[in-house]
């Protein structure tokens, strides 16, 4: 056996070479091991494991002491207590069920575990991601999208009138009805002692009649199917004129005071007066045959036929609203709900037996009635005097005009009675209202001696185009008078 001598210097070099080789062979590897952060952990959960350990110890203790019944009994009781503790902990912390019978040991454990109630204990930290918050955000986003889609489909109503006409001497009297729009598209306006006709097609103005200095026009109303117009006067007489021939056809007397309300159907004329009476005449007869309706105690200021012409609604300054049966000439029902004069009346063209009424300054409400059942359906507080009402012919909407203090024109959706838009511009209460035959335009009149025409259909123009168009129209119509 031969032993080779190894030089210490060579041994040192060998060692260094091995170290260098070892270092060279070492490579840093990236791992995907996840080391959780226990920053928010509550380590007192370990006490729950003590229950399990006690159970195991009790079992071992029982096996080691099979010959000692006392020890076995104590161990079994301890195991039962521990099992009860675990079950109770599960009920308290997971299911949220509390048991009043809780031992001291259980109470001690529950004391530490109470903070975990209704929490996910398998989470290492409290998440900022709130599912309920996220759900609410999604709901708001969906709601915003729905609202945007509704606005895209919703028509745009111009906030300014497309035409303004000067109407000098238009009376600021709540109890009068001085404008009416015919089915032949002609607007009749009573100004002082005269009646003027304005053609919507040609914008031409015609003076129909003049009652002189000693009399005034107090109401106008078109026949629905002929060129005849009825004109109520301050003297109590009603004159019927043929507008095509511009000739008076007939004079009807019977009232002792001014006639502030008229309602005409095919051949029947109803007139309401300050003398508290309502008179019915057949305009075809030359005799003054009349039917008298008695009930109001003060001036009659509102009259409207139902669309089937079977019922007549009347409102008066006595705050009463009557529904009359035209077969018996007696009231079907009397409504006493309003607290002020009832001038504003309108029947729905879309629903049989639906009537809407508005009250004056002390009332400020719009009320809906089912005249078939004689019941009130709805009451809306408006905050101001209700001067006039009309149902849209094309949509299930209502237009109301108001007095102090805003002098507004409001378009409501029915039956929810949400405001679609509010129109302003008059400087006095908006006493007069009429709608065009096609239902696309309304005209309003006020004590500021102007007539304003509003497009309520939003026909294919956006609001910016409307603003530009209407402003140019206002400049063109600024100096135009209906006289």
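Each Cβ is built from the backbone N, Cα and C atoms, and glycine gets one as well.
Computed from a predicted structure; not experimentally measured.
For 165-454, the entry in TrEMBL reads domain 'CDC20/Fizzy WD40'.
What TrEMBL lists as repeat 'WD' is 210-251 (among others). Over the repeat 'WD' (210-251) the predicted model carries a mean pLDDT of 96.
Across the repeat 'WD' (293-334), the DSSP tally of helix, strand and coil residues reads 0 helix, 23 strand, 19 coil. What TrEMBL records for 293-334 (among others) is repeat 'WD'.
Counting only same-chain residues 6+ beyond the ends of the repeat 'WD' (335-379), those with a CB under 8 A from a CB of the stretch are 174-175, 301-308, 311, 313-323, 385-391, 393, 396, 398, 400-401, 403-404, 414-415, 417. The repeat 'WD' annotation in TrEMBL covers 335-379 (among others).
Here TrEMBL flags 423-456 (among others) as repeat 'WD'. Residues in the repeat 'WD' (423-456) partition by DSSP class (helix H, G, I; strand E, B; coil) as 0 helix, 19 strand, 15 coil.
Listed as Cβ neighbours of the repeat 'WD' (423-456) (distance under 8 Å, sequence separation of 6 or more from its ends, same chain) are residues 157-174, 176-185, 187, 189, 200, 385, 387-390, 392-394, 399, 401-404, 406-411, 466, 482. Broken down with DSSP, the repeat 'WD' (335-379) shows 0 helix, 24 strand, 21 coil.
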